[in-house]
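The structure appears right after this line, and notes come after that.
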Amino acid sequence: MTAAVVMENLNWDPALSKLLNSLEENKTEIPSCTDEEFGFLSDLLKSKELNALVNVHNKILTNVKDDKFFPVLSNAMDIDVEVLDLLSTKTHLSEECKELFYLLQKPHIQGLLCAHDAVAQKDYYPRLPEIPLEVDEDEETVKIVQLVKSNEPLCGGAGVEPIVGATIKTCEVTGKIVIARIMHGGAADRSGLIHVGDEVCEVNGISVEGKTPNCVLKILQNSEGTITFKIVPADSKGGIRESKVRVRAHFSYTAADDPYIPCKEAGLDFVKGDVLHIVSQDDAYWWQARREGDRNMRAGLIPSRALQERRIILERQQKEKTDDDNITENDDFDREEIPTYEEVAKLYPRPGIYRPVVLIGPPGVGRNELKRRLMATDPDKYRTPVPYTSRAPRPGEVNGKEYHFVTREKMDEDIESGKFIEYGEYKGNLYGTSAESVSSLVNAGYVCLLNPHYQALKMLRTPQLKPFAIYVKPPRFEILKETRNEARARSTFDETNSRGFTDEEFQEILHSAARIEFLYSHLFDDVIVNADLSMAFEQLVGAIHRVETEPLWVPASWVQ
């Protein structure tokens, strides 16, 4: 009783006081407990730390019951995106609006808003039942888990059965049935009760000892409604933590055609150019992903970057053995680069700061005409950088207008320093476009137009320039020939004579286009087929408008 009086004077929690009193009164009635054990429990109940923890719990519980805290809204992130979209369309912003625009783009602010929405929407519900713990005959701690059977795959061995969103396998060391993989967003993942490495002992009261994964799947196949698992927890119980990584796929994938995927029904199909949300990279060979924006979809398996790179290397080696003419050793193809996935993030447009527009395509496809039409429609908006040259000025030429005239030595030095995005030699003189010229136009508020050689695209794709690359693609041979002949287009292959294109030159355009696509298509942001010049121009104007008004996916390094 003395302890209780002391605790009341110190404003101790009444429940703790009552529990301590009960402990003192019943001490003699529990002979199996030693004085040391009673002392430990008594000290714990008297500790200030436990009392403070209980007081915090009681206050939170009281506030929740009284509804003192409730969210004003549950879509703060949606409002953030709407505000950014609205501000990005305005040409003139006050200093306060500019500050708001930059703050709302910061990852920490967006992460805070996402966390707010998750709590406001009670994403942590439903409340899960207590985990029943038992002591098995062999003294191992086991738990009983109940999951509702659904159309989600649980796969093992060669068999497949839609069950609970997990995969199983036979442990090579113990021979036991264990959980091999938890599918993110599936029933097993949502429960939080099953983990990779957990040993499955029973399914609906049936022991699985000595059984193969296929036998276990047959048991599950015959089960209806709720399925009860008896599981020995693995040593590590780390749950699946959803990754924030988004990637753009640079190849197409069909799970049904992949003979090596652990579970075909668990695979995720995608096409080249799709943006994927990678939710788990725990497995070295099989990532879990869902298509960006589809939060209701269970994650599916896709080949990891390492696995896909290995496949592409083997495929190239086999192809080179049978087709040495496809890509020669003298080709500009970067053999070290194997495009699989590119990590991306959304880049929001900035008022008055426009991304350079780069037109990529084979000679003769019509890039110069498209650029000329753009500049003619709005010469105060569209500009091209003034090139550099080592030749001497001609009569009437002004330095900085037609060209920047520099010495051969200076230009060689700048080329060696990597200051030029492209350069070449013509009749003994160097010509080139510098990255600084592009940046100057961007900083001055112009849309910089470029139609460089396709090899310059890698030099242009930097966080500093952030270009938007549009591939101008020729139509098939018959349409290419018909439209160019009707327009009386002049050949770009013959500088000495003004004439139309020959059939051989049309074939060369198509051959060059195929080569560019094979080497650089993973660097394109948009593709325009120039079958009809007027339609191609409209598509180009529309693409530039999207760049100026909509958030678009770009390499993640451009945003960080």
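Glycine is no exception: its Cβ is also placed from the backbone N, Cα and C atoms.
The stretch that TrEMBL tags with region 'Disordered', taken from the ranges 20-39, 380-399, 480-499, is 380-399. Helix, strand and coil counts from DSSP across the region 'Disordered' (380-399) read 0 helix, 5 strand, 15 coil. For the domain 'SH3' (242-312), residue counts in helix, strand and coil come to 14 helix, 24 strand, 33 coil, using DSSP.
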